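What follows is a single structure, written as structure tokens, with notes after it.
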Amino acid sequence: MSEMTPREIVSELDGYIVGQHNAKRAVAIALRNRWRRMQLDEALRHEVTPKNILMIGPTGVGKTEIARRLAKLANAPFIKVEATKFTEVGYVGKEVDSIIRDLTDAAVKMVRLQSIEQNRFRAEELAEERVLDVLIPPAKNNWGQPEESGEPSSARQNFRKKLREGQLDEKEIEINLAAAPMGVEIMAPPGMEEMTNQLQSMFKNLAGQKQKPRKIKIKEAMKLLVEEEAAKLVNPEELKEKAIEAVEQHGIVFIDEIDKICKRDEVSGLDVSREGVQRDLLPLVEGCTVSTKHGMVKTDHILFIASGAFQVSSPSDLIPELQGRLPIRVELEALTTEDFERILTEPSASLTTQYIALMATEGVSITFTEDGIKRIAEAAWQVNECTENIGARRLHTVLERLMEDISYDASEWNGKTISIDADYVHGHLDELVSDEDLSRFIL
């Protein structure tokens with residue numbers, strides 16, 4: 001669980017997302033409250049429930065990006081789902097309980113990686129011994145079993161030194177490695193994924209773990225052996241217990257496109273499952289117990305963050321019970337020309353930085369001038385206003401169109417410097433931007 005303060009979390013998010021300070025503050029406080037709750041006495045800790053968040057804002061302003069970055073900062077079980085993928089029980093589609101099952105699977109994977117990392121030093125020692133056993137087989141007694149000697153031989157110690165110094169990395173050896181289990185593909189109807197997973201696990205267990213001889217270089221063998229030995233040191237039952245505890249105490253679920261499951265008054269019949277999805281979500285958000293293949297998981301203290309554009313609906317179109325379980329509301333502002341300029345320059349992996357790096361691989365030096373960036377931002381904003389407002393995603397379309405000629409002829413521009421200034425942008429984009437019909441279909 002991350003111990004970063006809200007201010008540190010916001011500062012970290014600022015490196016990737018421009019503006020939207022209120023949304024960043026809300027998720028930062030919610031994440032910090034997870035840590036604060038764990039410092040309380042157990043009796044009071046159980047009573048403190050997470051304050052779920054509803055993020056409201058037009059498409060392309062950073063709602064999903066905040067979730068992606070939060071997942072990396074949280075160091076906790078995290079899953080992002082699309083509300084449109086789910087239907088109520090009885091309809092074709094995934095049931096909402098699969099959210100918690102997927103979250104638990106993610107937690108098991110996360111805890112397993114942490115356990116392997118903790119056991120890495122011991123695993124490296126065991127892997128080293130297995131490689132040395134191949135290079136210098138131990139002496140055997142009359143019954144064909146390895147003799148137990150107190151001190152390793154000088155030859156073994158010499159090879160150990162060479163192995164650690166990397167002198168034997170390119171030497172090939174034949175060693176027994178765990179064979180990958182035979183995959184069993186099972187075609188199941190939508191909504192039956194859990195049964196499919198259980199059947200695949202059953203077949204995998206029936207097959208057992210087999211050893212297969214492979215001839216590979218020592219450097220690669222060490223990597224594979226370390227992973228194999230580290231996996232053996234992990235206790236599966238203890239791993240499941242830790243994963244379930246991590247989900248129950250620190251789990252975060254991000255539900256995107258929640259506005260798409262709002263019931264619309266003018267639509268009936270085909271719209272019937274929308275409200276059903278909301279009602280199925282209620283127990284999860286309020287707190288219930290979900291059965292997973294790893295065990296029973298309580299959702300009482302899982303943090304839910306929902307987001308939606310709400311362009312053809314409003315948050316009040318959600319059923320009242322679900323509205324009440326999303327008490328913190330954050331509105332994200334539409335992006336301005338100034339925001340577009342900042343998006344093109346401020347983030348650590350901004351679009352301009354990406355294009356400069358991509359063209360550098362062909363030996364082409366690209367520079368973006370201030371007036372060029374300003375004109376790109378104005379063009380993106382203008383197209384958004386005239387056609388459909390898709391927020392910052394419009395910059396991808398505009399820049400790709402702008403860089404098309406350079407990308408196509410990059411090999412011929414090797415060793416040259418190209419400056420993307422206002423005149424260059426005018427020449428390549430003005431005709432498209434000024435013609436609304438062309439903008440609609442090309443940009």
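Cβ from N, Cα, C; glycine included.
Per Swiss-Prot, the features are as follows:
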BINDING   Val18, Gly60, Val61, Gly62, Lys63, Thr64, Glu65, Asp256, Glu321, Arg393  ATP binding site
REGION    139-160  region 'Disordered'
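Feature annotations (Swiss-Prot) mapped to structure.
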residue	record	Cβ within 10 Å
Val18	ATP binding site	21
Val61	ATP binding site	26
Lys63	ATP binding site	26
Glu65	ATP binding site	17
Glu321	ATP binding site	13
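For the recorded site, Val61 (ATP binding site), the DSSP three-state label reads coil.
Binding of ATP is attributed in the record to Val18, Gly60, Val61, Gly62, Lys63, Thr64, Glu65, Asp256, Glu321, Arg393, and the widest Cα separation among these residues amounts to 34 Å.
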